[in-house]
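> Take a look at the following structure, please.
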Amino acid sequence: MNLSKTGLPFLWISAVAFFTDLITKLAVVKNFSLYESINILPFFNLTYVRNHGAAFSFLADHAGWQKYFFILLALVVSFMILFFLYKNQATQKLQNTGYALMVGGALANAADRAYHGFVVDFFDFYWQQWHYPVFNIADVAICIGAGLLAIDAFKQNDKKESKQN
């Protein structure tokens, strides 16, 4: 099979997400003290926090086994997505882009977790006293990737419905 006709060439997007995330995390760790916060906008801070769990600090209060669990989970899911990219056609641009963003984000957070034992988060959106959970670029890549997959699924469903009519 000609690999250029698969979704694998979209992995450059994974590399961009991966390295952008790690570079920004390095900048935060080098320039901020833990919990230091700089106000950028009336609803947005850059705040250095450590997340020992998953999204929204899920399982953060456990004894440490979750580090290995989340690293393994990221690797397994990434390999599954790589298989999907291999099976996809290059013309499936929206789906391939979504998958690539998810791989880049998952592997960046896994690398962070393997190196530090936690994930560095720093985007802090808030309104008055309410703060959204702090997150990072890898999280953004994963969410945008999932959103693109959802949009693609709706588009595929619309195509099927229009063919049936």
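Just so it is clear, glycine is given a Cβ too, placed from its N, Cα and C backbone atoms.
Computed from a predicted structure; not experimentally measured.
According to Swiss-Prot, the transmembrane segment annotation covers 9-29, 65-85, 97-119, 134-154. Annotation source Swiss-Prot lists active site at ASP121, ASP139, citing sequence analysis.
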> Among 65-85, 97-119, 134-154, which stretch has the most Cβ pairs under 8 Å to the transmembrane segment (9-29)?
97-119
> Of all the active-site residues here, ASP121, ASP139, which one's CB has the most other CB atoms within 10 A?
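That would be ASP121, with the most Cβ atoms nearby.
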> I need to check the long-range neighbours of the transmembrane segment (134-154): which residues 6 or more away from its ends have a CB within less than 8 Å of a CB in the stretch?
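Counting only partners 6 or more residues beyond its ends, the transmembrane segment (134-154) has Cβ contacts under 8 Å with 17-18, 20-21, 24-25, 47, 49, 51, 55, 92, 94-95, 97-102, 104-106, 108-109, 112, 119-124.
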> For the transmembrane segment (65-85), find every same-chain residue at least 6 residues outside the stretch whose CB is under 8 Å from a CB in it, and list them.
6-8, 10-11, 52-54, 59, 96, 99-100, 102-103, 106-107, 109-110, 113-114, 117-118
> Please report how many Å separate the Cα atom of ASP139 (active site) from that of ASP121 (active site), as a whole number.
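Between the alpha carbons of ASP139 (active site) and ASP121 (active site) there are 9 Å.
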> Sort ASP139 (active site) into helix, strand or coil using the DSSP assignment.
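For ASP139 (active site) - judged by DSSP and reduced to three states - the answer is helix.
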